[in-house]
Every structure is written in structure tokens, then in C-alpha cells.
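If you look up TrEMBL, you'll see 6-22, 217-237, 445-464 marked as transmembrane segment. TrEMBL lists 440 with the feature heme binding site.
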């Protein structure tokens with residue numbers, strides 16, 4: 001009896017102490033005069049995300065919308081750790097562009113020091129190594145290098161068109177295609193070709209090793225858990241390392257097979273392997289040496305940053321065009337005017353202004369990565385406010401929430417490509433590729449990849465939507481950092497009469 005009484009007393013004391021501790025930790029923002037939404041005593045404001053009821057982008061959107069319309073920021077907590085969500089675009093530009101020296105690093109991180117590929121990825125690297133690496137990686141993804149990559153993208157598009165043709169033949173034209181999976185096959189093949197120097201055909205060989213290992217990174221329950229931890233709770237990173245070790249070893253082997261073969265025979269293909277080989281054989285800087293897993297990390301970074309974001313953009317662009325046939329007709333006419341009977345070039349693609357509007361409006365409505373994160377490297381007083389953001393406090397931007405805020409866009413939920421020429425210029429950009437010096441280094445590459453897919457598809461097919469038809473492919477409902485359509489995006493392709 002005495003033992004039971006002691007246990008109960010200890011439990012009561014523990015609960016009482018935890019309550020006092022939690023209430024104090026969760027008063028961090030209120031003690032500084034910052035509003036917060038109601039929170040859970042244990043999970044803070046991320047209960048629905050941590051318990052896998054909602055995607056993190058949706059949780060941040062709800063936090064954003066819980067504030068008063070004119071609030072420039074709102075505080076929130078992941079467990080008991082304080083975070084600040086920015087809601088004012090001028091403040092975002094001030095902090096992440098003008099005062100970049102205070103917020104140069106992402107909270108997102110590698111698993112730990114024993115994860116060299118993740119640690120040396122440009123996605124998670126910290127200053128000052130990040131700035132040096134970015135200066136070296138900018139050239140391989142711009143200018144003449146993109147011109148060399150264009151034929152590789154077109155080559156990967158041929159199996160995509162054959163897949164659509166076969167789909168029509170097998171179903172006598174009565175088909176529905178889950179367009180996110182479809183787009184992922186294309187982006188997987190492009191990135192396998194350009195980032196790793198190998199040819200794959202994910203449309204005919206969905207079980208090829210490259211696709212299977214890539215799917216382990218981006219699909220399924222553990223994939224969602226892994227990215228949520230790395231983006232929002234990086235201190236837990238070591239817990240997920242076993243789940244990504246297999247794909248990491250596979251991509252390392254593929255990379256070195258391509259690199260060693262390329263170096264041995266002296267063959268140039270115009271891809272990222274060529275550029276990394278040049279960096280490997282060039283003069284090295286002690287701050288970052290292009291050798292070993294440092295090289296693997298950069299090809300892996302391009303794959304990780306590109307496959308899901310690009311396929312999501314293609315899928316939502318086609319989705320938007322199917323529901324707005326007048327815009328689809330306008331885009332088709334522009335494509336015909338510039339491309340019919342001509343070889344596709346970067347210059348021709350750049351002349352297609354409406355195509356650019358369609359892609360950027362799709363990115364505004366459906367940003368593939370709906371979150372921007374930064375962490376303060378020192379105490380920082382918000383300009384025009386009394387609030388001081390302390391060192392190591394993270395700040396976030398809810399990209400999907402601010403992109404659909406009526407303060408910044410008229411009729412923000414409508415697909416209006418022409419707005420990109422007017423409204424968007426008023427407040428910088430749609431934030432889909434980040435903001436400031438840390439904007440995605442592969443932005444031009446990713447946009448080109450998407451545009452090539454749209455040109456090839458729309459030159460040959462009309463994309464249609466019919467909600468009454470049953471899909472032939474299963475839909476996905478996954479919790480993930482990246483944007484997904486909960487019920488899938490199903491479209492039908494109709495052959496154009498040339």
C-alpha cells in the first residue's frame with residue numbers, strides 16, 4: 001500500500017512539474033507580446049502534423065489564417081520550441097533578402113555528422129560553406145549548360161508520349177490517368193539522365209532500380225515521416241537514417257559508376273556529371289573539396305529537389321489547364337506559333353510568354369514545397385517593431401497561405417495566368433523557389449524541365465477532366481512535406497487532329 005501511494009505521489013508530482021514546465025515554455029511568445037493560436041500542452045501547435053492527421057503545409061496555413069488579417073507575424077510551437085510565422089511580404093523581403101546575413105541558414109538539416117551525403121548537400125549546408133558551393137554550382141544549371149540539357153529532356157519525353165498513345169490504344173480512348181504518378185515517371189527519367197548520367201524508362205519499366213530507390217525516398221509512410229522530421233524536428237534526424245541508408249548507398253554506386261566511366265573514356269554528355277567531373281579535377285578550396293561523397297551529395301541534391309517539385313508543377317499545370325480550356329487553347333496556339341516545324345531551343349521557349357505565365361500561376365496556386373524556413377544566427381530586432389528574434393529561433397513562411405492571401409492577389413483562388421505580368425511583380429514573386437540569396441539554385445533548370453513536358457504533351461494532346469469517369473489508377477493520400485492532391489489528379493488525353 002505504501003509503495004502504491006509513493007508511486008501515485010510521484011506521478012502527481014511529475015505531472016505537476018511537467019505542467020509547470022510546459023506552461024512556462026509555451027508562454028515564450030506571450031511574454032514577448034506575440035499572438036499565438038491555441039496549443040496542445042505536449043505537441044504545441046503541431047499535433048495534427050506529428051500525429052499524421054494533416055500535412056505540415058496545411059498546419060502552417062491554418063496557423064497563418066488564425067491571425068488577424070493585418071498581423072505581420074504570429075508565433076507557434078513545435079512541441080515546446082518557439083517558431084515565428086511571417087505574414088507580411090515586406091517583412092519577409094526585409095528579413096530574408098536585405099538582412100540575409102542574419103538568416104542565411106535553413107532549419108532543415110542532415111541526419112547527423114555520419115550522414116555525409118546529407119551533410120554536404122547544398123540543401124542543408126550552412127554558411128560559409130554554402131555560399132562557396134552555390135557559386136560553383138550556379139554555372140552547371142544555367143546558360144549554355146541548360147542548352148546542352150534540353151535534348152536530354154526531349155529524349156526523356158518520347159517514352160512519355162508513347163505511354164499516352166498506348167494508354168489510348170489499350171482503353172480505346174476511355175481512360176483516366178493519375179497525372180502526378182505520370183509526371184513523376186518523366187521527372188525521374190530526366191533527373192536520372194541529367195544528375196546521374198544513366199538512361200531509364202520509368203513508363204515501361206516502373207520497377208527499374210532507379211525508380212524503386214527514388215520511390216523509397218519520396219513515397220510511402222516512412223518517406224512522409226522522414227521529411228517531416230528533417231524539415232521540422234532535425235534534432236531527431238538520426239532516427240530516420242536507417243530508412244534512407246539503402247537508397248543513399250544505391251545512388252552513391254550509380255553516381256560513381258557514371259563518374260568513373262566518364263573520366264576513363266573522356267566522353268562528354270552535357271549533363272551534371274560532366275560539370276562535377278570538371279570541378280573534381282579543378283583547383284580545390286579547403287572550405288569545400290569536390291571529392292568523395294561531396295560530389296555524390298550534389299547529384300543527389302538535384303534529384304531530391306527536382307523530382308517531386310517538378311512533377312507536382314507539371315501535374316497541377318495540366319490540372320489547371322484541363323479546367324480552363326480557354327487558357328489551354330491560348331497556350332496551344334502559342335506553342336504552335338513558336339515551335340511548329342522548328343527545332344525546340346531555349347530561345348524559342350523563352351519567347352513563349354503565356355507558357356511562362358501558366359507555369360508561374362500554377363506555382364502560385366500550388367507551390368510544391370509550401371514552406372520556407374530560416375534560423376537566426378544572432379539576435380535580431382524586427383524593423384519597425386519592438387520584437388527581438390533571439391539567436392537560434394526559426395522563422396517560417398507559409399508559401400501556399402501567402403500566395404492565396406487576398407491582400408496580395410485579387411481572386412487568389414482562381415487560375416489567372418495573366419496576373420503574373422501585373423500583380424505578382426508588385427511583391428517580388430510567388431516564393432515557390434524560395435526568396436533571397438538562398439533561392440533554389442536549380443530554378444531555371446526546374447522551370448525548363450516543366451516547360452518541355454508541357455510543350456510536348458500539349459503539342460499532341462488535349463488534356464480533359466471528367467469527374468464522372470472512374471480512374472484507372474489508384475490515388476494517393478500521403479502525409480508529406482511536399483504538396484500532394486489528397487484524392488489524386490485524374491485527367492484524360494485526347495489526340496489532337498493535326
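Our numbering is plain: 1 for the first residue shown, then up by one each step along the chain.
Glycine too: its Cβ is placed from the backbone N, Cα and C atoms.
Within the chain carrying the transmembrane segment (6-22), a Cβ under 8 angstroms from the stretch's Cβ atoms is held by residues 41-42, 80, all 6 or more beyond its ends. DSSP assigns the residue listed as 'heme binding site' to coil, not to a helix or a strand. All protein chains shown were included, and the count of other CB atoms within 10 Å of the CB of residue 440 (heme binding site) stands at 18.
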